[in-house]
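Undergrad: Next up is a structure, given as structure tokens.
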Amino acid sequence: TISKCYVQVTGMTCASCVANIERNLRREDGIHSILVALMAGKAEVRYNPAVIQPAAIAELIRELGFGATVMENCGEGDGILELVVRGMTCASCVHKIESTLMKTNGVLYCSVALATNKAHIKYDPEIIGPRDVIQVIKDLGFTTSLVKKDRSASHLDHKQEIRQWKRSFVVSLVFCIPVMGLMIYMMVMDSQLSDAHAHHNMSSEEMEALHSSMVLEYQLLPGLSVMNFLSFSLCVPVQILGGWHFYIQAYKALKHKTANMDVLIVLATSVAFVYSFVILLVAMAEKAKVNPVTFFDTPPMLFVFISLGRWLEHVAKGKTSEALARLISLQATEATIVTLGPDNVLLSEEQVDVELVQRGDIVRVIPGGKFPVDGRVIEGHSMVDESLITGEAMPVTKKPGNTVIAGSINQNGSLLISATHVGADTTLSQIVKLVEEAQTSKAPIQQFADKLSGYFVPFIVAVSVVTLFAWIIIGFVDFEIVEKYFLGYNKSISAAEVIIRFAFQASITVLCIACPCSLGLA
């Protein structure tokens with residue numbers, strides 16, 4: 001009977017180390033075959049348990065000057081699931097998926113990477129299956145699929161998100177510039193008016209008259225000034241077109257009883273918009289002589305900054321993932337498998353997908369072709385360009401017995417190779433895996449930030465509500481405090497309205513200022 005064991009090998013630096021270990025161990029009694037993967041630092045040994053034990057095999061490798069430990073039940077036991085998860089916007093989405101999965105019975109480990117849209121899950125196949133895990137994520141409002149084995153880099157492509165946020169930013173900006181222009185014009189005119197008031201000692205009534213004689217303060221309808229009408233007209237398209245994605249994400253989050261950054265942004269802009277719209281309707285209903293103070297300038301400016309932030313974020317993510325996509329694109333997609341008769345006579349050949357190549361298959365690589373798998377040359381002589389993998393600028397000579405690396409390019413002669421490492425075990429796949437794992441694994445501070453963002457949104461909303469009620473109470477108890485901080489309010493409106501207005505302004509300010517904290521958390 002032949003048993004199989006895996007040994008973790010450390011201290012290997014190049015292909016000659018691999019050849020050294022393989023050559024020496026093959027001579028030992030009881031060892032049927034040995035295969036060493038340099039990138040993975042792993043040796044797979046088939047041995048006869050009646051003659052030799054794994055501990056003795058590890059000792060033989062140590063005698064050659066390498067570190068070696070036997071890997072317990074490697075390759076069996078836990079099920080591993082790699083998923084692509086779509087629809088995540090920020091760290092609290094990541095936290096939500098991870099915390100829900102970790103609470104699920106049978107899931108042993110879970111890590112979700114926002115940058116690569118990937119989830120890495122270990123589970124106990126006795127208790128839970130891959131379909132159940134996918135269903136849990138779908139129930140949270142995200143779309144998910146298995147990572148395709150064709151190693152394409154589609155999940156790293158942020159082009160769609162970049163386009164979406166760029167559009168959102170441009171729409172918001174187009175409407176935001178006029179709003180900002182109006183706001184600056186009003187501020188300049190107001191400061192000039194207050195200067196005139198200071199120098200000429202005008203009465204409040206004269207001030208009001210002068211104020212309403214300004215073009216933007218002219219009333220189209222009683223209670224509806226040109227300024228407010230223009231601001232409202234410019235704010236509506238931004239609220240609908242610029243804020244569309246925010247509203248969808250916020251709705252999904254609230255549906256599953258979570259609060260993320262999108263909820264905060266939507267809350268701040270909606271409260272500012274609705275409050276302004278309501279006081280405008282009230283002023284029109286009362287046929288007010290004095291134009292109410294509105295916050296129509298808040299939503300466009302917020303959407304501009306946040307969609308710009310999101311756009312830049314996806315551009316950065318795209319760049320991070322581009323390097324990985326380039327690595328993945330080095331892999332061959334197909335392989336030519338040949339069947340050899342006695343004396344290496346070619347009997348037949350067929351084109352198969354690279355995923356279907358098995359260990360021990362004989363693969364033919366023509367001049368100019370890519371090596372689909374790692375292997376050993378059995379027939380032919382050629383020069384091979386390995387610069388993409390090793391950085392070696394000069395082509396390397398290959399003759400029978402030499403090893404070849406998947407992704408390198410055959411230059412002038414046709415080669416027959418015997419596949420030694422296929423699929424995820426090839427050197428190139430291992431490099432890709434290392435880079436991806438580096439992106440997936442989180443620093444402890446990042447896990448802390450993810451956790452924090454889960455509590456951040458409800459906390460800010462609570463603070464905002466407290467602010468609202470605190471100022472209403474303060475105002476009714478001691479109106480002078482509100483008067484001191486609420487500069488430039490219209491003297492003609494009632495004290496109660498001034499208090500409510502100021503309290504709303506303070507609480508909306510808390511919400512609006514907390515929004516860009518998503519940038520801080522990011």
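We count from 1, first residue shown onward.
Any Cβ shown, glycine's included, is placed from N, Cα and C.
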Undergrad: Using TrEMBL as the reference, determine which range in 36-58, 220-242 is annotated transmembrane segment.
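TA: Residues 220-242 are the ones TrEMBL records as transmembrane segment.
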Undergrad: Could you pull out which residues elsewhere in the chain have a CB under 8 Å from any CB of the transmembrane segment (169-188), counting only those six or more residues past its ends?
TA: 216, 227, 230-231, 234-235, 237-238, 241-242, 296-297, 300-301, 303-304, 307-308, 311
Undergrad: Excluding the flanking five residues on each side, which residues at least 6 beyond the ends of the transmembrane segment (220-242) place their CB within less than 8 Å of a CB in that stretch?
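TA: Residues packing against the transmembrane segment (220-242) from afar: 168-169, 171-172, 175-176, 178-179, 182, 186, 269-270, 273, 276-277, 280, 282-289, 291-292, 294, 296-297, 299-300, 303-304, 307.
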Undergrad: Six or more residues beyond either end and a Cβ under 8 Å away: which residues meet both conditions relative to the transmembrane segment (455-477)?
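TA: Apart from its flanks, the transmembrane segment (455-477) reaches 92, 259-261, 263-264, 267, 495-496, 498-500, 502-504, 506-508, 510-511, 514, 517, 521.
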Undergrad: For a three-state summary based on DSSP, what are the helix, strand and coil counts in the domain 'HMA' (3-69)?
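TA: Summed over the domain 'HMA' (3-69), the classes give 22 helix, 24 strand, 21 coil.
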